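S.K.: Shown below is the structure under consideration.
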Amino acid sequence: MDLTILILQGIIVAATPLLFAAIGELVVEKSGVLNLGVEGMMIVGAIAGFAMTIESGSHLLGLVAAATAGAATAAIFAVLTQFLMSNQVATGLALTIFGLGVSALWGQGYSGQSTAPLARLHIPVISDLPIVGPLLFSHDILVYLSVALVVGVAWFLNRTRAGLILRAVGESHSSAHAIGYPVVKVRFLALLFGGACAGLGGAYLSLVQTPLWVEDMTAGRGWIALAIVVFATWKPGRAFAGAYLFGGVTVLQLHAQGFGVGIDAQYLSMLPYVTTVVVLVIISRDKARVSLNAPACLGKPFYASS
Amino acid sequence: MLRLELRKEPSRAMRYATPVLAVLLTILAGGIMFALMGKDPVEALHVFFISPLSDLFSITELMVKASPLILIAVGLSFGFRAGVWNIGAEGQFTVGALTGGVVALIFYNVPGIWLLPMMTIAGVLGGMAWAAIPAFLRTRYNANEILVSLMLTYVAILLLSVLVHGPLRDPEGLNFPESRMFHDSATLPILIAGTRANIGFVVAILVAITAWIVMARHVIGFQVRVMGEAPLAARFSGFLESRIVWLCLMISGGLAGMAGLFEAAGSVGQLVPMLPVGYGFTAIIVAFLGRLNPIGIVAAGLVMAVTYIGGEAAQIELGLPSAVTGVFQGMLLFFLLGIDVLVHYQIKSRRPSAVAAKS
Amino acid sequence: MENNAVALLELRGISKRFPGVLANDAVTFSVGHGEIHALLGENGAGKSTLVKMIYGVMRPDEGDMMLGGAHYAPARPSEARSHGVGMVFQHFSLFEALTVAENVALGMEREAASGDLNQKIIDISKAYGLPLDPTRYVGALSVGERQRVEIVRCLLQNPRLLIMDEPTSVLTPQETELLFDTLRALAREGCSILYISHKLEEIRALCESATVLRGGRVVATCDPRNETAKSLAEMMIGSELAAPPARDTVPGEVRLAVNGLTRASDDPFGVDLKDIGFEVRAGEILGIAGVAGNGQEELMAALIGESRSEQAATIVVDGTPVGCDGPTVRRAQGMCFVPEERLGHGAVPDMSLWENTLVSARTRMGLSINGFLKNGSAQAFATQVVAAFKVKTSGIEHSAASLSGGNLQKFIVGREVLQAPGVLIAAQPTWGVDAGAAADIHQALHDLMKKGTAILVISQDLDELMAISTRFAVIANGRLSTPRPVGEVSIEEIGLLMGGVHSDAVPASEAAHA
């Protein structure tokens, strides 16, 4: 029983950074922009959060720094793609390469150091309940924040006027422009939000999961987050499911290694990546469904001739 | 106030000027970065950009670094022109090294002039096979080739690691995770005695020239260009999207595989887990810097090689971290993509309108 | 009609400049209260630019606007809407993946969009005879229904001025009549209407006054009810109209035969082709009319070979079945094609004119050997096209995107015609092209027909089809009516056919339009 709870707790810890990055990217893609630089924004968030926490001793400041750094990285992408009309795919790749480089440079002095992990909440009585307590009521604040984000984003997209405008911009930027909505401004804000989320996702790795700074510690999680958005067919609730599915695969693979399943550990390490491919194929094969759900302007550049 | 105005047609002059401008801006920004890090910017830039060109040995090292970048980037340029985004060249590079290397290890005690060509073919086929997975999944199941090819990179690197820890480990070695050393007829001939410059560079140049001819003068290149600029026109012209996707992934996968094999059979001489060092990703920058033109890519590959050698020199002489190279490369691509806007748009000052002036 | 002394909208000396073009040159006119005012002009006369400034999408470089006697300079559409100006766009500003109600809400201000919007939509659509279901997705609506969404969106804001940009180009004649009833009812309630069109008969039927634009300037103001279609046309074009070429050929053998062509669309919002069959003989032009979005794109893709059939016999060219083949094989068999979309489909925007000949003329003009391109031959062919079709360009090295719409269309038509096709298939050959270029293109099609080519023209422009085709059919909801000689079909019949009412089929889709 204890082991089951341990595994489930592990899944939550593995899924949370993916969820942050995926929900941010989901909003970005809903506005019609494809930012492939999630990996770069996450890793910059990871080092910014770690460095600030070490320097200030405050986890809160660390998290603020991570979100800010993620958003600042996204701002580079936003300026290039929204004002200078650069190719979104190429710019996203550049963002990842740049992010990995900057974080490695910044992290020089921090490798080998460690910090106390982000504290877990302890609510008297509730947290001490058997099973339910450790499973639901004794996590760090970011876990709850990530779940709140999913609910908040779903509410924002489907129930608010601003969310409607964001979806409209992603659906047809020329129509949105014709009616008078500020396409570039909406996309810029969405990108900053996506960057901040990715930054928090990265900080979760360096402040909770390990908590250490290791170069390239995101190890492809930004790309998996992108796959989760496709898996979710751009629906927040399904992004939640996707993040926990991938979290589950990661944790099971670790435990399988621990149990000494007769398979080489490195084969098991391939599992999350292979799962991503398999899931992508399953979701994408229904072309009609993907094209019905995908924002129609995803990845297309917008230039207002007037 | 400034605003951008769409040009009636793309500026040819800007097409050539923007990569040069991007390099200059990167050097400028690099100088500022060095100053912020407390280094003398002039000295640091000298170490970074001039010293790699100052002696024969450095120049041959440039050739060693540039060869895989050119090979991979030339392959990628086909796909990038057509809108087929293979970003898993690093994985195809790794698998190419593996399949070609396995041939060398099978015949580890059989020398022969046929061995190297056979290894090369195996390497190319290995890279192609790895690229065939995203090609098949995209054309058959509509799966995004960006994500699939990237995920397969992680798998390929793990695969190499598994194999050199296990079945491919040198049986006469000291239990290190590495294969036997390739013997002489399984390693690339050296161009200039006493250096590491090998025949791979010559092959890379020949491949670039061939690719340039195909791109400019052959229907294969034409359909790739039409597909990228106007997919509907490509269909109208009678080109099938699925065939172009396959074509681009086979070219880029094959060349990445060849580059991987050349790396294993060239400067490394065996299979080791650390064989993939990021050439597959850096080649993406090289492809764009070279304007997706094979001849431009040769120049861009050499420029990028300078940042590698310069980065190493800066590490030794100035104690700068090796990550500086990555930052440089990222900045270069940002500047390039940013000022690329000048090819299609021109900057105009916004004339204050009469209405606005009155109210 | 209470204060006719002051016009509702007044424009004084409005000018707007784009790179290399003066789109509007000191335009001055006014629209009275409750007046239906026509803005008449050819494509490219500057009508759209002008109304975009009135609606706040663009700002004028010079000049003043007055609305209801007050200074009026909207910086953005929401400001125009708050002044009571509504606009129905020619290319709808709608979002396919959103519902009718969401689309309406997006076109309104926040306060106006609150409350029970669905009920408001139902109420207003009933009051003006514009039936709409607010919960449906716009992507699933017909073109006529989409226009209703735009109109309802405007009406919900009680506009003083409603701008309609070429509204009938997507409607059947019957739908047009219904729209006119709605507009007249609105005008009676005091709403002014600015009606933009180049269709002369409509303007004579609907409008009380007209401002005629040519080359960005006002060239005439008149009461269209006192003018003839011919006199209006001459004001608009500025020269005498040439008579359409006579149809004096005798059709020969069947060159293109289409039998039982049935195909499901790849696009979830597309139209499925249902059992399409027709023949085109040497020396005739078959015209296919229809409201946009009734299967024309899908038919064109099937004919070009961009989407292929499983049965070769569905498309037969000069006795050879080609249904399973792609465009290259079909071209080798003698087919040439002019697609509807010039830039991006018929031509690659950023490629030079000579490279663009390689897009479709490789096979028939021998522009490649063993896959290697013969650039010299391509350049020679491009030069020939430019000369024969009087394409205005500073050289074949320039990109397709640098040509004006009419010149590019002449280039594309020329590229196909000069390949001496046995069968030519053209979609919207003169869409958005000025009258001079349109006449040249029609003449070229006519000459080709006389040489024995079988020609198929798919167009939404009824006048064009009446002028050039020898036989005529209508496509509606993916079905094609039986082709009949032009002159044997009345406009009323065509209207019914366009609405999907087939004399030879069960009128299943009638309910959808009732």
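From the backbone N, Cα and C atoms, a Cβ is placed for every residue, glycine too.
Sharing the features that TrEMBL gives for it:
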- A:6-28: transmembrane segment (TRANSMEM)
- A:33-54: transmembrane segment (TRANSMEM)
- A:60-80: transmembrane segment (TRANSMEM)
- A:92-111: transmembrane segment (TRANSMEM)
- A:131-157: transmembrane segment (TRANSMEM)
- A:188-206: transmembrane segment (TRANSMEM)
- A:218-234: transmembrane segment (TRANSMEM)
- A:241-259: transmembrane segment (TRANSMEM)
- A:265-283: transmembrane segment (TRANSMEM)
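Burial and contacts for the listed features, if you can.
M.R.: Nonlocal intrachain contacts for the transmembrane segment (A:6-28), taken as residues 6+ away from its ends with a CB within less than 8 angstroms of a stretch CB, comprise 34-35, 38, 41-42, 134-135, 139, 142-143, 146-147, 149-150, 153, 157, 166, 190-191, 193-198, 200-202, 204-205, 208-209, 221-222, 224-226, 228-229, 232, 234, 236, 239-240, 242-244, 246-248, 250-252, 254-255.
Listed by sequence, the residues of this chain that lie at least six past the ends of the transmembrane segment (A:33-54) yet keep a Cβ under 8 A from its Cβ atoms are 17, 21, 24-25, 61-70, 72-74, 77, 81-82, 88-89, 91-100, 102-103, 106-107, 110, 113, 115, 170, 187, 190-191, 194-195, 198-203, 205-207, 211-213, 216-218, 220-223, 225-226, 298-299.
Long-range contacts of the transmembrane segment (A:218-234) within the same chain: residues 17-18, 21-22, 25-26, 29-30, 36-43, 46, 96, 198, 201-202, 205, 241-243, 245-246, 272-273, 276, 279-280, 283-284, 289-290, 293-295, each at least 6 residues beyond the stretch ends and with a Cβ under 8 Å from a Cβ of the stretch.
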S.K.: What residues elsewhere in the chain lie close to the transmembrane segment (A:241-259), defined as a C-beta under 8 angstroms and at least 6 residues from its ends?
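M.R.: Cβ under 8 Å, 6 or more out: 7, 10-16, 18-19, 22, 224-225, 228, 231-232, 265, 268-269, 271-272, 275-276, 279.
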S.K.: For the transmembrane segment (A:131-157), name the stretch out of A:60-80, A:92-111, A:188-206, A:265-283 with the most CB-CB pairs under 8 Å.
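M.R.: Comparing A:60-80, A:92-111, A:188-206, A:265-283: A:188-206 has the most Cβ pairs near the transmembrane segment (A:131-157).
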S.K.: Relative to the transmembrane segment (A:92-111), which of A:60-80, A:188-206, A:265-283 accounts for the most Cβ pairs at distances under 8 Å?
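M.R.: By the under-8 Å Cβ criterion, the transmembrane segment (A:92-111) pairs most with A:60-80.
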S.K.: Should anything in the same chain at least six residues away from the transmembrane segment (A:60-80) have a Cβ under 8 Å from its Cβ atoms, list it; otherwise answer none.
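M.R.: Those are 35, 37, 40-42, 44-53, 86, 91-92, 95, 98-99, 142, 187-188, 191-200, 202-203, 207, in sequence order.
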